[in-house]
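Following: one structure in structure tokens, then a few remarks.
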Amino acid sequence: MKFSAVILAAGKGTRMYSNMPKVLHTLAGKPMVKHVIDTCTGLGAQNIHLVYGHGGDQMQAALAEEPVNWVLQAEQLGTGHAVDQASPQFEDDEKILVLYGDVPLISSETIESLLDAQPKGGIALLTVVLDNPTGYGRIVRKNGPVVAIVEQKDANEEQKLIKEINTGVMVATGGDLKRWLAGLNNDNAQGEYYLTDVIAAAHDEGNAVEAVHPVSPIEVEGVNDRAQLARLERAFQAAQAKKLLEQGVMLRDPARFDLRGELQCGLDVEIDVNVIIEGNVSLGDNVVIGAGCVLKDCEIDDNTIVRPYSVIEGATVGEQCTVGPFTRLRPGAEMRNDSHVGNFVEVKNARIGEGSKANHLTYLGDAEIGQRTNIGAGTITCNYDGANKFKTIIGNDVFVGSDSQLVAPLTIADGATIGAGTTLTKDVAEGELVITRAKERKVTGWQRPVKKK
């Protein structure tokens with residue numbers, strides 16, 4: 001189905017009390033307007049015309065990679081004026097879909113229904129019935145068909161009783177829409193060029209206006225303040241949690257789970273409370289994620305346990321591993337099968353071999369660790385000299401004692417032992433014991449100093 005979209009995103013968002021354009025405020029980890037753009041691209045829009053105004057530099061920086069045509073609305077003179085700024089780029093025979101950057105939850109299913117419903121030469125309009133329609137434009141019908149939309153400030157008392165309201169989302173053919181936009185005037189209570197006036201223009205020409213309802217009313221809720229944004233965030237998260245539960249994922253409390261990206265899960269996955277998923281995350285069968293964890297762009301294989309309050313980003317974790325609690329796996333971290341990292345361990349750009357362990361208070365950066373190696377508490381790979389990074393290579397079956405500093409670059413061969421408290425600066429051969437601990441000294445009868453009175 002050939003169509004192009006116009007996304008209106010020029011408003012400042014005064015009630016957000018922010019220096020950032022309203023549509024750049026995030027929902028589920030990405031700007032509201034990007035949700036709308038992604039929906040359009042997913043449906044195969046030929047062109048996406050993004051009408052912007054306030055905070056143009058911020059908008060273009062934040063959305064620099066998006067496939068949009070930038071259309072400036074220098075003065076905000078109404079929705080009709082906004083769409084008209086993009087109209088020179090409309091093809092006469094293409095469907096034009098009008099959407100809003102601050103209405104982020106509009107679904108593909110609803111848009112497809114709207115595109116299908118557009119009558120030849122007429123308009124398909126998305127409407128919804130509200131118990132309290134105050135503030136919205138009212139849908140005026142005459143013996144059934146839609147004949148006009150009247151904004152709240154221009155409505156008479158009878159029209160204010162109408163509960164069917166305009167969402168602003170509509171579809172019309174490019175040539176018709178350009179003609180109707182050219183005929184708009186600003187003779188109304190707000191002195192603006194209303195897009196809604198094209199409904200009456202279409203009716204006056206004898207063209208049909210078809211009203212369509214969204215799959216869910218939440219889809220057409222807009223955001224004008226942070227309370228409304230928070231409401232949509234919770235609605236979105238509830239929907240994501242419901243889908244995961246239906247797919248067999250055990251969410252211990254669906255109300256305390258946030259998905260800000262894409263999550264793929266195997267069978268019998270358990271996720272405890274206050275877990276945040278960002279980017280693309282993959283969890284294998286029987287994976288258990290403890291409370292308060294943050295997972296971003298990572299892969300965790302079967303039968304692995306991630307204990308509470310661990311942060312995993314850009315890392316891969318093998319099968320039968322244990323992570324945490326309070327572990328940080330940074331980009332480039334790789335845990336092979338049956339490896340363990342424990343509390344207050346940080347791993348960056350390092351591989352931990354099969355069966356190896358670093359259970360306490362350790363930093364492993366720019367390192368390769370072989371199989372069945374034990375890293376004692378307080379071990380640090382000293383990988384940075386203030387200008388360059390250097391690598392530490394540790395072989396199989398190595399024992400590194402507690403409170404050791406491994407000053408890279410260096411290699412520790414298979415089976416070596418590093419005594420506790422060692423500062424290591426040179427390579428260690430296979431099977432060697434290295435210890436640099438200072439000689440122990442005992443002072444008999446030592447008396448601690450006392451405070452002066």
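Backbone N, Cα and C define each Cβ position, glycine as well.
Copied over from Swiss-Prot:
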ACT_SITE  His360  active site, proton acceptor
BINDING   8-11, Lys22, Gln73, 78-79, 100-102, Gly137, Glu151, Asn166, Asn224, Arg330, Lys348, Tyr363, Asn374  UDP-N-acetyl-alpha-D-glucosamine binding site
BINDING   Asp102, Asn224  Mg(2+) binding site
BINDING   Ala377, Asn383, Tyr384, Ser402, Ala420, Arg437  acetyl-CoA binding site
REGION    1-226  region 'Pyrophosphorylase'
REGION    227-247  region 'Linker'
REGION    248-453  region 'N-acetyltransferase'
Among Ala377, Asn383, Tyr384, Ser402, Ala420, Arg437, listed as contacts of acetyl-CoA, what is the widest Cα spread in Å, to the nearest whole number?
-> 23
Other Cβ atoms within 10 Å is the metric here; tell me which of the binding-site residues Asp102, Glu151 scores highest.
-> Asp102
For the region 'Linker' (227-247), the distant same-chain contacts (Cβ-Cβ under 8 Å, at least six residues beyond its ends) come to 16, 25, 27-28, 32, 104-105, 218, 221, 254-255, 257-259, 263, 265
For Asp102 (Mg(2+) binding site) and Arg437 (acetyl-CoA binding site), the CA-to-CA distance in whole Å is 63
Of Gly78, Gly101, Arg437, i.e. the binding-site residues, those within 10 Å of His360 (active site, proton acceptor) when Cα atoms are compared = none
Across all protein chains shown, the binding-site residues Asn224, Asn374 give the max Cβ-within-10 Å count at Asn374
Cα distance (Å, whole number) from Arg330 (UDP-N-acetyl-alpha-D-glucosamine binding site) to Tyr384 (acetyl-CoA binding site) | 16
Would you count the other CB atoms within 10 A of the CB of Ala420 (acetyl-CoA binding site), including those on all shown protein chains?
-> 15
Could you work out which of the binding-site residues (Leu8, Ala377) has its C-beta surrounded by the smallest number of other C-beta atoms within 10 A?
-> Ala377
Within 10 angstroms of the C-beta of Ser402 (acetyl-CoA binding site), the count of other C-beta atoms across all shown chains comes to 17
Candidate nearest Glu151 (UDP-N-acetyl-alpha-D-glucosamine binding site) in space, where candidates are the binding-site residues Asn224, Ser402, Arg437 and distance is Cα-Cα = Asn224
